[in-house]
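Annotated in Swiss-Prot:
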type: TRANSMEM; residues: 14-34; note: transmembrane segment
type: TRANSMEM; residues: 65-85; note: transmembrane segment
type: TRANSMEM; residues: 104-124; note: transmembrane segment
type: TRANSMEM; residues: 131-151; note: transmembrane segment
type: TRANSMEM; residues: 156-176; note: transmembrane segment
type: TRANSMEM; residues: 191-211; note: transmembrane segment
type: TRANSMEM; residues: 247-267; note: transmembrane segment
type: TRANSMEM; residues: 285-305; note: transmembrane segment
type: TRANSMEM; residues: 343-363; note: transmembrane segment
type: TRANSMEM; residues: 368-388; note: transmembrane segment
Amino acid sequence: MTKIYSSIAVKKGLFTSFLLFIYVLGSRIILPFVDLNTKDFLGGSTAYLAFSAALTGGNLRSLSIFSVGLSPWMSAMILWQMFSFSKRLGLTSTSIEIQDRRKMYLTLLIAVIQSLAVSLRLPVQSSYSAILVVLMNTILLIAGTFFLVWLSDLNASMGIGGSIVILLSSMVLNIPQDVLETFQTVHIPTGIIVLLALLTLVFSYLLALMYRARYLVPVNKIGLHNRFKRYSYLEIMLNPAGGMPYMYVMSFLSVPAYLFILLGFIFPNHSGLAALSKEFMVGKPLWVYVYISVLFLFSIIFAFVTMNGEEIADRMKKSGEYIYGIYPGADTSRFINRLVLRFSVIGGLFNVIMAGGPMLFVLFDEKLLRLAMIPGLFMMFGGMIFTIRDEVKALRLNETYRPLI
């Protein structure tokens, strides 16, 4: 028993469980002075925003202090990564502390937009001042977002899985209810349900295959002359971005939806804004095509976030490693980036076919939105499970060795 509790993996797992208890407890703290009987308070975007909030640690059904979730922080990370590719902006040339502070400022800006959009549309009880309730709930939602960011940082340093665990628990708690409500709303024949179940098994197999498949690049290390040198490889995933594109595209596309809600409240009689908001509503052709395009774009962007050729080449150069037939430095960087680009396109096409293709059915019936999101949900869920599994495996690696004395 003592050996079990002395394990690093067990200690980190217990700490993560404690943080999850805090998260579940906080998600049950309801915003004050709100009429909970009104469900469709965000108009035509309620179903999508509730689903996307559940994927990012939020919950728009219970209207708790964690309703917005980690969506502002995730959207800020996306924008920061996109801006970081520009050398002119010089975002990565500053210290880590300054970069983190700027990321938090960007998170605060997006959190204000999303929290204010939700608060302005909340069904406030008539016996209280609407202005004070909106102001208080906006502050509470912003505070809830930053509290979740803090929990994620704590879990990343002292627990297992980082922010992934919070997102995973939110999905487990909320997504099954979404799927059941869809089956109750939309009549689907039994034969179609059986076919969907079989396709789910096939998709799960393909997903595991894509996540575990690796392209091995032989690497030589200076001074290494033994029989193990042939086992030195640089591994590149067949789908380098994994399930991150789907997770972040849901968060990223929710920002315009919140922004349209906020602008619609500020300018209620603006015909052009109303027309644009209607065209970009969830399930409309413009939104579906933007969703598929952004999903493919994020598959490429996050592939380079996961495997940056410049960083890998610099690390190999410092450790005395090189790829056969490729000069160290800039040539190695270009070689790796070409491979990452090639596999990111393959991964992007896989993501678009599996997670973007079902979205085309939404053009015929918007009620199928939640069902169309299930394949992408599997991709996201699978990526999280594999990430946590690899982290636990790495933590337990040192415990497999026995002391010499």
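Placement of Cβ uses the backbone N, Cα and C atoms for every residue, glycine included.
Because the structure is a prediction, the values reported are computed rather than measured.
A Cβ distance under 8 Å defines the sequence-distant neighbours of the transmembrane segment (104-124), meaning residues of its chain 6+ beyond its ends; these are 31, 33-35, 37-38, 41-43, 60, 63, 67-68, 71-73, 75-76, 79-80, 130, 133-135, 137-138, 141-142, 145-146, 149, 254-255, 258-259, 261-262, 265. Between the transmembrane segment (368-388) and the listed ranges 65-85, 156-176, 191-211, 247-267, the one holding the most Cβ pairs under 8 Å is 156-176. Contact count against the transmembrane segment (343-363) (Cβ pairs under 8 Å) is highest for 285-305, out of 156-176, 191-211, 247-267, 285-305. Remote same-chain partners of the transmembrane segment (156-176), defined as residues 6 or more beyond its termini with a Cβ less than 8 Å from a stretch Cβ, comprise 9, 12-13, 15-16, 19-20, 23-24, 27, 51, 54-59, 61, 69-70, 148, 247, 377, 380-381, 384, 387-388, 391-392, 395.
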